[in-house]
Every structure is written in structure tokens, then in C-alpha cells.
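Taken verbatim from TrEMBL:
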BINDING   His125, His127, His219  Fe cation binding site
Amino acid sequence: MALSSSPTSVDEEIRHVGATAESRDGSGPIDMADFVNALPPILRRQKEFAKTSLKARSMQCELRGTADDPVSEMFGRIDLGLGEWEKYALFDSSKNYTRNLIATDDETFTLLLLCWNPGKGSPIHDHPGDGCWVRVCQGKIQETRYVINDETDRLDVTSDKVFEGERVCGDVLSDLVEENIEYLIKVYHVCANTTWPYHTIVRSQDDAPTFINNSMGYHKVGNPSDSRPAVTLHLYCPPIRKCKIWLDPGRASCPSNAYMCNYSEHGVKNTRAMFEVHVI
């Protein structure tokens, strides 16, 4: 199909890309498998469309991460009931957090589940590629955003928000807890035959996924609770192999390189370290 570069048809074609998602009737929740199957064709069509003109590329960039972005819309519809993600939720008390691979095609996307220990977080980091979408599956997550101040060589804070899921009572202690029982007994102070007190359904402050890319600045993410773990779902498009991290916000011109490695893949733990860091 030939694509026009006129503003009207460009705008219509971007929305058409979203309308062609293989995701049932285009509304309501979808499961993780539906999302993983529908996402790559959408991303490939968007990539081809962006190549048609500078105007198309500009509009695609402006659309990314907004409510009109088909990727954001579909990511926000994933059913985050416990059964959708619990088999990927592997904790390790010796780490700040774990990166657990759910799915990737090694070309257009990576979908990860991050499990955060109480009071722990990531360093400040960037997002090569088109950006990162985040939803909270369980607990509270704090996101602090930064931009570089060239005059002071500092990373200045632009926002600091806490996102929390909605608590729903009645879930029984699941395989997630049983597999991590010694650690979870320690942090929850519960006994092995206790009923799981709650699970969370994602509802961020604006009822939508959060999104960030390098044009918006950088961020760090962490669990502000000193007693309860947290779990988040992350989408990266395309997959990120490495990123820049800042260990000192007072030295913006001196980042380090972090090379990504998953704690587990498809629910199976591997032995590689979470990060391998090389100072620039």
C-alpha cells in the first residue's frame, strides 16, 4: 500500500496501524499471550510507516507513549491478574531487583517482569530505542525523572511520583510464594500456611501505563516500601542490550555502561549476573 505524506493521511495511517492489532475486538482486557502475538506486526508496520517521510517519522515520535499510541493502548489492556505473571516472578534477596524475561523476538520488543526488594531501586538510567512502558503489578513503585543541566553538570529532578496498585483481598498463597517462601516469610513476617493477604491490579495515578524515552529525560525506579516487595511489567521497544547509568547525579557527564542480563528467562532461573558495568 502506498502511503501519502500529507498530514491528514499520515495521522489516519498511524491510527489505522493500531486498528489492525490482532487483539480481539479492540477493547477490554487481553492476556499476555495475545499481547505478545499481536505486538511485533504493529511495531513493524509503524517502523515501515516512519520511513515514508520526515513528517511521518515526526508524528510517530509525537504519538509514542500517548493515549493514541496503539502500543500504549494495547499494553494498558494486558490483564495483570496474578495468574498472568506469577510464574515469572522470581525474587533474590541478595539483589536490589531481578529482571525476569517473559518474551522477546530479539528484534522489535522485550517484555520483562521486574521484582523489587523492599527499599531497593535501580540507578538513574537512559532508554536507547523508542522507549520503555511500565505498569505496576503489585505493591508501590517510585519513579524519579531527571534531565541534564549542562551548566552545572548535574542531573536535575523534574518529577518524583509513587504509583500504587489497587488491593484485592482473598487470594490464596500461590506458587509464587511457595517457590520464594523462605525469603517472603522473612520480609512479610508470615507463616508458611498463611493466606496471601492481597494481590494488586495495576491502576496507576492516571489509570495508564507510564512511558519514558530519552527525549523526555532519564529516570530511576524503586520500591519505596520498607517491608513489602513490588512487581512491575516493563516493555522495551526494541530490545535493549545496554544503557547508560549514572551512579552520581552530580556528575552528569560521567555515566557508566550497563549491559543487560536476565535473572530468569521464561520462568527458569539462569546463572548470569544482572548487570555487568563498565565505567566510561
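These residue numbers are counts, starting from 1, taken along the chain as shown.
Any Cβ shown, glycine's included, is placed from N, Cα and C.
TrEMBL: automatically predicted annotations, no manual curation.
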Other same-chain residues whose Cβ falls within 8 Å of the Cβ centroid of His125, His127, His219, the recorded Fe cation site, in sequence order: Ile124, Asp126, Cys132, Ile212, Tyr218, Lys220, Val221, Cys243
Spatial neighbours, same chain, of His125 (Fe cation binding site) - Cβ under 8 Å, 6+ residues apart: Tyr218, His219, Lys220, Cys243, Lys244, Ile245, Trp246, Ala258
Surrounding CB atoms that lie within 10 Å of the CB of His127 (Fe cation binding site), all protein chains: 21
